[in-house]
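**Q** Checked Swiss-Prot, it gives:
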BINDING   Cys38, Cys122, Cys220  [4Fe-4S] cluster binding site
BINDING   His67, His100, His150, Thr190, Ser248, Ser249, Asn250, Ser293  (2E)-4-hydroxy-3-methylbut-2-enyl diphosphate binding site
BINDING   His67, His100, His150, Ser248, Ser249, Asn250, Ser293  dimethylallyl diphosphate binding site
BINDING   His67, His100, His150, Ser248, Ser249, Asn250, Ser293  isopentenyl diphosphate binding site
ACT_SITE  Glu152  active site, proton donor
Amino acid sequence: MPPTVNMGIPGASRTALGSVAGDVTGKRVLLAEPRGYCAGVDRAVETVERALEKHGAPIYVRHEIVHNRYVVDTLAKAGAIFVEQTDEVPEGAIVVFSAHGVAPTVHEEAAARHLRTIDATCPLVTKVHNEAKRFARDDYDILLVGHEGHEEVVGTAGEAPDHVQVVDNPDAVDKVTVRDPNKVIWLSQTTLSVDETMETVRRLREKFPTLQDPPSDDICYATQNRQVAVKAMAPECELVIVVGSKNSSNSVRLVEVALGAGASAAHLVDYADDIDPAWFDGVTTVGVTSGASVPEILVRGVLDRLAEHGYDVVQPVTTANETLVFALPREIRPARQ
């Protein structure tokens, strides 16, 4: 886990809120930091942008490059064509694989169609893929904690379909069976709620006491950091607004975390126009954060809308500083001078 992650929630809350618990008694906004783009999303979006610059339109992208409407619409206007399946891409064309990763069968399909591929899979997702392959080679049963049908889960499970079982939530544990309880390991989708994942793992361990942990934390640093920041500010908020799309797992989890941490209400919005003024009735403090696939321009739009309703004092709640940067895929890296 990168050193920017602060999982000590109580301490994080005191530190973060120490600077905002002053004499402000009127309407205010608590603005979570960190929020927005993570290193994997930044890399994926730049990958499509660079591919368009280098090769020109159209560039095909298998699935949404990241789960955000604004980002996808912006790239589509620039010449990206988003498809659901590889066979929708013309033979010989360029296709970018999304940040969520793909199964080996997708690479095989692309090769059969002579597609030129650029893999924008987040390196932290690739890490989970490699773990799945490693433990499948050792003939483990792999319990993949994640949301059934999510692109990332489909891709990871596809690395070892005969060894992976998806465990969607804590209640799904009762249905899990394994061949050898002494050779079972859990892995996870990178964008889950930390708390719900740990509850699922707790139940799995009750059923399989020798359950092994992944070699390193699978839930990504950015997912954890954003949840920590929301937990720090939510107890002070009557309302939390999470900027993000409905199909963004990590954004949806932030709404759940806010409610679980004490916010009276929490809502997910794509744009400022999605905000219902009725939400502000009786509200003094509004918390604002955004999912890991959300550009800052959308957060600024929400802050402007809040200011129109009198919430013009913005106070940061900082629980971590993120500096991680991932290298671009080699196919679109700038040539060395």
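Each Cβ is built from the backbone N, Cα and C atoms, and glycine gets one as well.
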**Q** How many other Cβ atoms are found within 10 Å of the Cβ atom of Cys38 ([4Fe-4S] cluster binding site), counting all protein chains shown?
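**A** Counting Cβ neighbours of Cys38 ([4Fe-4S] cluster binding site) within 10 Å gives 29.
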**Q** Give me the Cα-Cα distance between Cys38 ([4Fe-4S] cluster binding site) and Ser293 ((2E)-4-hydroxy-3-methylbut-2-enyl diphosphate binding site), rounded to a whole Å.
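**A** Given the Cα positions, Cys38 ([4Fe-4S] cluster binding site) is 7 Å from Ser293 ((2E)-4-hydroxy-3-methylbut-2-enyl diphosphate binding site).
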**Q** If one measures from the C-alpha of His150 ((2E)-4-hydroxy-3-methylbut-2-enyl diphosphate binding site) to the C-alpha of Cys122 ([4Fe-4S] cluster binding site), what distance in angstrom results, rounded to a whole number?
**A** 15
**Q** Of Cys122, Glu152, Cys220, which is closest to Ser249 ((2E)-4-hydroxy-3-methylbut-2-enyl diphosphate binding site) if I measure between C-alpha atoms? They're all recorded positions.
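**A** It is Glu152, whose Cα lies nearest.
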**Q** Going by C-alpha distance, which of the recorded positions Cys122, Glu152, Cys220 is nearest to Ser248 ((2E)-4-hydroxy-3-methylbut-2-enyl diphosphate binding site)?
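**A** Of all the candidates listed, Glu152 is nearest in space.
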**Q** Around His67 ((2E)-4-hydroxy-3-methylbut-2-enyl diphosphate binding site), which residues of its chain at least 6 apart sit with Cβ under 8 Å of its Cβ?
**A** Ser245, Asn247, Ser248, Ser249, Ser251, Gly291, Ser293
**Q** Please report how many Å separate the Cα atom of His100 ((2E)-4-hydroxy-3-methylbut-2-enyl diphosphate binding site) from that of Glu152 (active site, proton donor), as a whole number.
**A** 5
